[in-house]
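Chemist: For reference, the structure I am asking about is given below.
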4 protein chains.
Amino acid sequence: MKHIKIAYIGGGSKEWAKVFMNDLAQAEGITGEIALYDIDIDAAKRNQKIGNRINSHEKAISKWDYQVYEKIDGALKNADFVAISILPGTFDEMMSDVHTPEAYGIYQSVGDTAGPGGVIRSMRTVPIFEFFAKKIKEHCPKAWVLNFTNPMTICVKTLYDIFPEIKAFGCCHEVFHTQDFLCSVLEEEKGIKVHRNQIYTDVTGINHFTWITEAKYQDIDLIGLLPSFLDKYYETGFNENGSSDLYLESPFAQANRVKMDLYKQYGILAAAGDRHLVEFLNHNWYLRDKEMIDYWKFALTTVDFRIELREERIKKLELEAEGKKDIDLYTSDEEAIDLMKAILGFNQKVSNVNTINLGQVKDLPLGSIVETNALFTNDQVIPLMAKPLPKTVKNLVLRNANNIESLYEGIKNRDLNHIFESFINQPLLDGLTIVQARALFKEMIENTKEYLNQYFNIDGFLNN
Amino acid sequence: MKHIKIAYIGGGSKEWAKVFMNDLAQAEGITGEIALYDIDIDAAKRNQKIGNRINSHEKAISKWDYQVYEKIDGALKNADFVAISILPGTFDEMMSDVHTPEAYGIYQSVGDTAGPGGVIRSMRTVPIFEFFAKKIKEHCPKAWVLNFTNPMTICVKTLYDIFPEIKAFGCCHEVFHTQDFLCSVLEEEKGIKVHRNQIYTDVTGINHFTWITEAKYQDIDLIGLLPSFLDKYYETGFNENGSSDLYLESPFAQANRVKMDLYKQYGILAAAGDRHLVEFLNHNWYLRDKEMIDYWKFALTTVDFRIELREERIKKLELEAEGKKDIDLYTSDEEAIDLMKAILGFNQKVSNVNTINLGQVKDLPLGSIVETNALFTNDQVIPLMAKPLPKTVKNLVLRNANNIESLYEGIKNRDLNHIFESFINQPLLDGLTIVQARALFKEMIENTKEYLNQYFNIDGFLNN
Amino acid sequence: MKHIKIAYIGGGSKEWAKVFMNDLAQAEGITGEIALYDIDIDAAKRNQKIGNRINSHEKAISKWDYQVYEKIDGALKNADFVAISILPGTFDEMMSDVHTPEAYGIYQSVGDTAGPGGVIRSMRTVPIFEFFAKKIKEHCPKAWVLNFTNPMTICVKTLYDIFPEIKAFGCCHEVFHTQDFLCSVLEEEKGIKVHRNQIYTDVTGINHFTWITEAKYQDIDLIGLLPSFLDKYYETGFNENGSSDLYLESPFAQANRVKMDLYKQYGILAAAGDRHLVEFLNHNWYLRDKEMIDYWKFALTTVDFRIELREERIKKLELEAEGKKDIDLYTSDEEAIDLMKAILGFNQKVSNVNTINLGQVKDLPLGSIVETNALFTNDQVIPLMAKPLPKTVKNLVLRNANNIESLYEGIKNRDLNHIFESFINQPLLDGLTIVQARALFKEMIENTKEYLNQYFNIDGFLNN
Amino acid sequence: MKHIKIAYIGGGSKEWAKVFMNDLAQAEGITGEIALYDIDIDAAKRNQKIGNRINSHEKAISKWDYQVYEKIDGALKNADFVAISILPGTFDEMMSDVHTPEAYGIYQSVGDTAGPGGVIRSMRTVPIFEFFAKKIKEHCPKAWVLNFTNPMTICVKTLYDIFPEIKAFGCCHEVFHTQDFLCSVLEEEKGIKVHRNQIYTDVTGINHFTWITEAKYQDIDLIGLLPSFLDKYYETGFNENGSSDLYLESPFAQANRVKMDLYKQYGILAAAGDRHLVEFLNHNWYLRDKEMIDYWKFALTTVDFRIELREERIKKLELEAEGKKDIDLYTSDEEAIDLMKAILGFNQKVSNVNTINLGQVKDLPLGSIVETNALFTNDQVIPLMAKPLPKTVKNLVLRNANNIESLYEGIKNRDLNHIFESFINQPLLDGLTIVQARALFKEMIENTKEYLNQYFNIDGFLNN
């Protein structure tokens, strides 16, 4: 039995923490402490209660010692793993990030990674991750750090820039869904039904704008099956988990029409949800207006919806924490615990991660954060070499990767003018004049001043 | 007296050939043959007559043997230098290149380099330059090749890709004008009057989207003088050759307002005419509509105007050829003859050229064509290392450079789909949907089919 | 049951073919044809008989159809896998490769990879592999090619240079032995006994001069255990398979004293047998004279010994082929069949391979052949990013990698002068003057003229 | 008249300072202060007196204000230029550097750049240049720094590593002599007599191991003239300044036989004196023993000779300082003043310099110090792109460049073990065992302990 300490930063109001605890309870061979830290200490305490209830579940193989910390230092002290899953700012700031641009004709389906929302959210996030990196360096420099926070790329960039020896990577399940989609294609076209772990997808790009350069089940080329699949589903759309019209009810759903359309044009499969993909492209391509969005069968996820959803979740979590609702253990599709076990030497595992580009993606800048496959094993996370993208797709990805690099430089130097230059280079903002873009930028930083003021000279910029 | 042979390809209907002959006549120490070749043989013969008249001018130091060739082979045979200055296609095709996109809301001020016009013109040009490269390899592999044709970047790219040992470079005087502008700044701010040859500008980027990373007169930082200069001229504009309202009459004029505006935002000076710069940027920045264009004080150069201008020129050239009009020798600001003389070992000269990136521009792809300074001397043209661009400006340039690389790949492989992918990645077209862009692309290739059909399966694509 | 065709080129007189057939017989889930081709057709027929005897062994799970081909074309036709295991030339040539330099004071422990023997052997090998590459391109372009022939690096280089789309890699078990050595260290120092598959070694470098940059069993740093281990075994030596004096009887044995000595100096573990390592270093370091060789406890493998060994082996193989000797199936430590099964999609496997450097080793030239770990799975062999070497070790490896690159260029161009320039840059030849080195080179190519004459103008060079 | 301040660090006991003052006196258009600083203040005062005498010479166009400073700070304060020309340590240390290795069979012709002498001298030099770099950053961060001290490469490396924004370059006249040699070749073969400024040599490599990849006089290929020239002079040798036997009397002379021999083998011309070149190559190639050295017609420069020479020089300088000996102004072949005037904007000049590799030499590490041509003009020193070396020559240069990089890393980190790893990788030491090399290294650092102790834990290493 291996004893470990896992610091869990944030996650207080997320379903995701419960999945994590669910998976931990079923992980053979490991046990130890889960150190909970959240700026909302009540949320951390709620998680502690839920963790304790899971411990006492009859199917729980492994029991964990859930501790709540008031300060991050205690939580991190000597941790073996650190999981970071926070919301940078509140939904008030997110409301501005996502919806303020609408007045300028700019729609965002997610608004947390690229586009105007991604830029402003990054301005709040980078300083927080600078703080995390320093604290990790101080308290647990050898810990493995798993980030789940968005904007993924710039979070991981910050960790490596501040503490270059950090052992950090970012986990995102968008690629998993595309693997599920490919399994559906295989089943549909060949009648072969497999789990996504049985196929191999070569992944490259940046988070939420990732691409599958090759996909094989044994020697069957899954990409080669797409033309025939598209003949059937391009028009109607296809959702690997349900109806292709699910997006009408669920603002997280999509019908893969954008993905299929990009495949038709570029001959290569994008590996993230359509809602994410469209935010890296010219705004007139898929996000011009609500009619167009509807045509492509995905939804804009409003912040109102997120607020509502969170309230429901918290209500449910409170019932579970108080024992008023049963908790059942189940097999999740998340991989975090598997990855940790592989790192602990229990096995080898290959999965996609976001980490620093040491050359695994030849087409993207060295030192930028890229998403590729990596091998997890015996205290190692080693990127695999990615295959090259077609030149025109590379151009689309590189443009965004370079934007993130310059955005990071601007935030690091607290240089609002430089940040603005990254802002106007966002594909989603291509339709604005510089004057309009400046007005939007000023409005968005004014709206979120409360958070930004601690790091930037906002008033100086606004009055200029 | 050094005897050389210069093959002059094209140039039949251009004023520029006369300037060239004017400069040759005044070049001490060299003489020889000028081999004229033009698909319009009458134009070549007219140039021959003008050349002979110049020979007999009393100020002509150096006499040249003007020969007209019916086939390119004879003209190139054993040439020491080859000058290429052609119009790919006719003004009919250029009419489509420049004006067809207007129906889609896309204005182009030049339309021969970037944007939709640049793409389609490249499709006509690359195959012609493939032919030139092969003929040069056959007839004069050691000749120095000076290209003056647009789209400059892709012309030079073609020459090097087809015949990697070629000694080719592209000459463009856009940077000269920006040097003149800087001399005006120096005079205005410091009262020092110098010729552009007395200042040093570090140049980097791609043709027509070139940037000055450093400019010095002795140890005076010329870029550092701009803020004070802009206080005076940002609003009114400034034309180094005349009134800032010259653009109202002359469609080639501009008031440097775009250049000054870019400097305000990016802190670095662009080194091409405003008409060129705007075509590498989002179309809403400076080219949204005629009102905006007027606000920035530059003009759209219509093809009608070009046709008219050419007719006038030809009329004048004919009068000169027939001896009905006097030809006077004067000192031009062109450098081609100086460069040739430096190559012949008469002296050393540093000037900007377009040539293959062997590492002189670290931020742009190796093997792409870049514009930087080079040293000309003793059978050598050696690029100087360029200073790095600020990250956000690098992103703007790199996006365009990568577009050209992928465009070239598409044309080389005669792959219309790949070309289209470069087309929709043009900043000027950022406002179109993919469907609109496809319609425009099809219309433009349909319009210029007569020329494109020999190289591409246009009908196959149109009917798809 | 997956049906495949494996072309087996060479291997006629090697024990290794039998191990391969042994492993095939025990491979669940696959069957098919083994196409045997050897320039010594009798050897191929002998292998066929042995294969058939193995087929009828009671433990044989999988039966294979052993076919002998007179021409390589038939063997390769539509193969799924190609295994290449040949002797370039005969032992006569090897006699010259290994022993001619002794008269010049140059001892070689193996003489088939680096040093004078490696150079001359490469001259015979590259043209043969050029032929193989062309035949593979013609008959089975999608086959996976496993090379087992030395000099490994230049064999794989040739395959990729001639046919860039080839799916080839080279397998070598030297790293396995070093992993066994590390397992011994773990057992000795921590009392933990594991198989080499349970540890993870990060591997980088070039074949036979490979290095372990990191080795972990769970979170135990195996390299960190070496100082204490060396305290015990540096003087006496240590052989992971037997007595540290085994080298006195077996010319393939070694006591890891060189490896331990290099660790003492450089703080990093080399991952090949000592006999190989010393050939990449200055000849005075470990190979100056027989006394020094004895001091470091390894042996020179003479070609006489190899001849004797081969005769014994063939005798044994003949008895087995004729049924006069029993064949028993056993579990080998070779991985070739495992790798093939992983490629066929049965599982995932990570192992070290020699393949083209696409960036997985940042310190060695792109396009050179490097040895690192790779992931084998579903029709893919994907290199893992290797960790960087310490700068001084990098210099040792890079010198040799660059030598191989220039040697390859020389052989490819059939340029004996260029080859000679690589010859004199071999560390083992550092003690010769250029004049002495030229005499040795001429003697060695004179000795092996019979083979070299078909490819090089040997007489022209000798008479020059 | 431009007023400048030049800080002159060291140079007290060197003829070279007088040449510098001679050239200054004849430099039109500039005047100002020469700030003299030398750890031997009497030497600085002597130079001051000589400077004043030169000022009063009738041919002196430009008068300078010679000031002596007791501390380096005052000398550097607000300097426009800094010239550094020091002897790191005394001739006692140099005696050990050059002659201690002889007992181990290692001869050095210079012993100040590569080989054992170069390594130990670097250990004394780097810390001094760290100090200079910090002082320059403090007192004159915008000054242009000209280094004349050896080991050139590692001196300039230190300046850039400590203060990356420094404007530093190293000047060395070895290339000039090779240009003179090429002029002799041109005269001999074609009867054309020109000054070295009239030819163009493309230079690349590292200081004292520089190569000429192309040399042209107009379109005459000077390298192409060598075969015929070698027919005449390979055996006898050729000295561009006098008899080919001059080396018998003058320990700085040479007959270019090594250079010609390298050309015969590699087809490319090395651009440094033979005495320097041989120290970058295996010691048995040209430096095995005195007989071989004599055969190649160069001399070992003993430190006794240097001491004697210095004494003579100082005697002469004292007579000149005291007015007991006339000083005559003459035209020197040095370029330092020309380069400064070009930097001041008086003209453009192209010459070879040692500076940081930003990509101008593709084959050598970025950030290492390389020697190539550069353009000097208007406050700029801009490297020109160098042509590539043949692969086998590149390997020779790269090995040495990498050694210097690792040596620098070792010295920077005060890591004696790492320094020793660079020591044993010196080509000149290839014949020693590691044990012998360690003994030599220890002896050499013991000998020069007085200087090294302030920076390194020498006793700790010696007792280990």
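Cβ atoms are placed via backbone N, Cα and C, with glycine included.
Pasting the feature list from TrEMBL:
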type	residues	note
SITE	C:ASP112	site 'Increases basicity of active site Tyr'
BINDING	C:ASN150	substrate binding site
BINDING	C:CYS172, C:HIS208	Mn(2+) binding site
DOMAIN	C:203-428	domain 'Glycosyl hydrolase family 4 C-terminal'
Chemist: Averaged over the domain 'Glycosyl hydrolase family 4 C-terminal' (C:203-428), what pLDDT does the predicted model reach?
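Modeler: Residues in the domain 'Glycosyl hydrolase family 4 C-terminal' (C:203-428) carry a mean pLDDT of 96 in this prediction.
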Chemist: If I take the Cα of C:ASP112 (site 'Increases basicity of active site Tyr') as reference, which of the binding-site residues C:ASN150, C:CYS172, C:HIS208 has the closest Cα?
Modeler: C:ASN150
Chemist: Any idea what the Cα distance is from C:CYS172 (Mn(2+) binding site) over to C:ASN150 (substrate binding site), rounded to a whole Å?
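Modeler: Between the alpha carbons of C:CYS172 (Mn(2+) binding site) and C:ASN150 (substrate binding site) there are 10 Å.
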Chemist: What is the number of other Cβ atoms found within 10 Å of the Cβ of C:CYS172 (Mn(2+) binding site)?
Modeler: 20
Chemist: Just to verify a number: CA distance, C:HIS208 (Mn(2+) binding site) to the residue listed as 'substrate binding site', in angstrom, no decimals.
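Modeler: The Cα atom of C:HIS208 (Mn(2+) binding site) is 10 Å away from the Cα atom of the residue listed as 'substrate binding site'.
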Chemist: Name, in the order they occur in the sequence, the residues of the same chain whose CB lies under 8 A from the CB of C:ASN150 (substrate binding site) and which sit 6 or more residues away.
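Modeler: Once residues fewer than 6 apart are set aside, C:ASN150 (substrate binding site) is near C:ASP112, C:THR113, C:ARG121.
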Chemist: What three-state class does DSSP give C:HIS208 (Mn(2+) binding site)?
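Modeler: Where C:HIS208 (Mn(2+) binding site) sits, the three-state DSSP reduction gives coil.
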Chemist: If you draw a 10 Å sphere around the Cβ of C:HIS208 (Mn(2+) binding site), how many other Cβ atoms fall inside it, taking every protein chain shown into account?
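Modeler: Total other Cβ atoms inside 10 Å, all chains included: 29.
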